[in-house]
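Participant: Heads up, here are the entries from TrEMBL:
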DOMAIN    627-719  domain 'DYW'
REPEAT    78-112  repeat 'PPR'
REPEAT    179-213  repeat 'PPR'
REPEAT    280-310  repeat 'PPR'
REPEAT    311-345  repeat 'PPR'
REPEAT    381-411  repeat 'PPR'
REPEAT    412-446  repeat 'PPR'
REPEAT    447-482  repeat 'PPR'
Amino acid sequence: MASTSLTRFSHHLDPPLSLVETCKSMDQLKQIHCRTLTLGLPKTPAFHNKAISFCCADKSGDMDHAVKLFDRIPEPKSVFLWNTMIKGYSRIDCPRLGVSMYFNMLVQNVKPDNYTFPFLFKGFHRNLGFSCGKELHCHVVKFGFCSNVFVQNALIHMYSRCGQMEMARRVFDISCKTDVITWNVIITGYNRSKRYDETSKLFDEMEKNGVVPSWVTLVSLLLACSKLRDLEVGKRVHKYIERCEIDRKLILENALMDMYAACGEMDVAVGIFDRMKTRDVISWTTIVSGFINKGDIDLARSYFDQMPERDYVSWTAMIDGYIRVNCFKEALVLFRQMQAANIRPDEYTMVSILTACAHLGALQIGEWIKTYIDRNKVKNDVFVGNALIDMYFKCGSVAKARSVFSDMPRKDKFTWTAMIVGLAINGHGEEALGMFSEMLRASIKPDEITYIGVLCACSHAGMVHEGRKFFASMSTEHGVEPSVTHYGCMVDLLGRAGHLREACEVIKNMPMKPNTIVWGALLGACRVHKDVRIAEMAAKQILELDPKNGAVYVLLCNIYASCKRWDSLHELRESMLHRGIKKTPGCSLIEMNGVVHEFVAGDRSHPQSNEIFLKLDSMTRDLKLAGYSPDTSEVFLDIGEEDKESTLYRHSEKLALAFGVISTEPGATLRIVKNLRMCVDCHVVAKLVSKLYGREVVVRDRTRFHHFRLGSCSCKDYW
């Protein structure tokens, strides 16, 4: 009786197949399979096809289980099953296993059909494409599928994914070109390879061939126009959309906005935004980014604050906007708000925040970011590594920059350049040149930025002979033609070493017109060596190029004051007053317990101002007992000696120093960032503070780092 019931059940209902068709999960499929085995029900080819298809195609599928089912088939001759397995491997991003499955299929004398190659090529990545892409292309020809439009599209996709756009274009050129998908695939490939000009040209070809673009085509074209800042073609695409009454999908409207925003047409972009029936986070972020690119940070922030929802991209865009306009504190505040909103940052956010920390000298915050990256498994790629190196160097933490460099699994030329420049500005000139030699041994070709770092290393270390040699060989050995910046480095190198006449000859023989940087390097050298005649000539040249350059007047005043040329100083001061030139106020930043404190010369706005000035008084008394005598040579005000000392006393880095001393214990490191060149007197004070108060003091001024330890400076008084 039971046997009859089972037979009737199996013949009329075919339970395995009907249940597989309604299956919702792998657990259900495994239960059905187990029940089939228990009851001894027959497993038909249709059952195998459905079960394996579920394992391979469904998001909740399981390729390991698919392999087990497939391997139980004695001689699988159905190309459908082989295609399904290949498709499954592409879906889980295991294309090499798909290729193995394809070759096993050939061994079993099963020939591919027109679905095999599209499934096979779909999951290809760059390395696999290089290793076997062309061989499989030969199989396409061998089996007669080279004129099949689906296979052609798959080949174009495969070659473009692998970066072989020339091969992709060859396939495209011999294709029938009647299917818009073919055009979409090649256009997407050019966009992926950042060859946006080719995308733009293909739009013209499409029109000539009478192919009607889809919304996918139009989005890709608008992306290319956005990257190329090609407003003319972008407007053509916009007119086509309106003329043909293309369905205004959200993604298409976002692409239109992005194109106009990238081309600086924010009025048009905002007009599209205002007329949109629905907006998503991409729509809002596009407008925010557009105003950031135009430099209107306040309007960008206004739209950002109105956003109904924000993702990590919109937060990163706004943070990056603040960094572009040098509002580094605001960037850090916004990052804290992003953290409070529980938005997980990505590697681009980390690079932006590390950049802010680097500019502010905020090592403690930078260290917290490094820990956050490690703990939260944020993608730590070469860009993040380079940003960490830059941050550590700009905070004066050379050892930690070295450590990051050593731990990086992959280094590009920017990594090496960051090390060379960072070591140079921190006073490790010989090590910087050693790093350059290592870079060359690693077969990394230096570029113009690398050579700026090399010449800076020679300049800061006073290595004149080596600098001349590197400057002479940069074009002959590595094809880097010296730019005006490289000439500026050479003038700085020669000038600092006292070779002022040779520096003048370099300027005279430059193949291009010297700029303010070149003349400024010469003027700075004149301050060190007290050469008034050349200083006046250099200052005159700078002021012809930049009449409002207040720093030049200040530096020349310093030179006149140090050489006791009081009449010349008075005349220059009168000229400054007449022209409305004002000295840039000195500003110093110091980070304490994750908070960046800012001091301006003579500033009493800090909450601990009274305590700071009391400490400054006591420090001055201690320093004088240790032999300190205020150096007023660079104070060019027409006042008495006592008043000059009082002026020196209020310099911003001294206020930051006093705050640092009262906020820390002996053995701590004080890190100060100064917006101007450190004056001689503050340099002397910092040396003595490092000795008497047991603090290491790191000061980053406008040109270099000063590491003060036990009464001496890393610059060896050469700055």
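The backbone N, Cα and C atoms fix where each Cβ goes, glycine too.
Curation does not apply to TrEMBL; its annotations are automatic.
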Participant: As a quick check of your reading of DSSP, tell me how many residues in the repeat 'PPR' (412-446) are helical, how many are strand and how many are coil.
Facilitator: 26 helix, 0 strand, 9 coil
Participant: Mind looking up the mean pLDDT for the repeat 'PPR' (179-213) in the predicted model?
Facilitator: 91
Participant: With helix taken as DSSP H, G or I, strand as E or B and everything else coil, how many residues of the repeat 'PPR' (280-310) land in each class?
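Facilitator: For that range the per-state counts are 23 helix, 0 strand, 8 coil.
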Participant: In terms of Cβ proximity under 8 Å, which residues at least six beyond the ends of the repeat 'PPR' (311-345) contact it?
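Facilitator: Sequence-distant neighbours of the repeat 'PPR' (311-345): 281, 284-285, 288-289, 292, 295, 297, 300-301, 304, 352-353, 355-357, 359-360, 362, 365, 376, 378, 596.
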Participant: Count the residues of the repeat 'PPR' (179-213) that DSSP assigns to helix (H, G, I), to strand (E, B) and to coil, and report the three numbers in that order.
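Facilitator: Its residues divide into 27 helix, 0 strand, 8 coil.
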Participant: Within the repeat 'PPR' (381-411), how many residues are helix, strand or coil going by DSSP?
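Facilitator: Across the repeat 'PPR' (381-411), the residues distribute as 23 helix, 0 strand, 8 coil.
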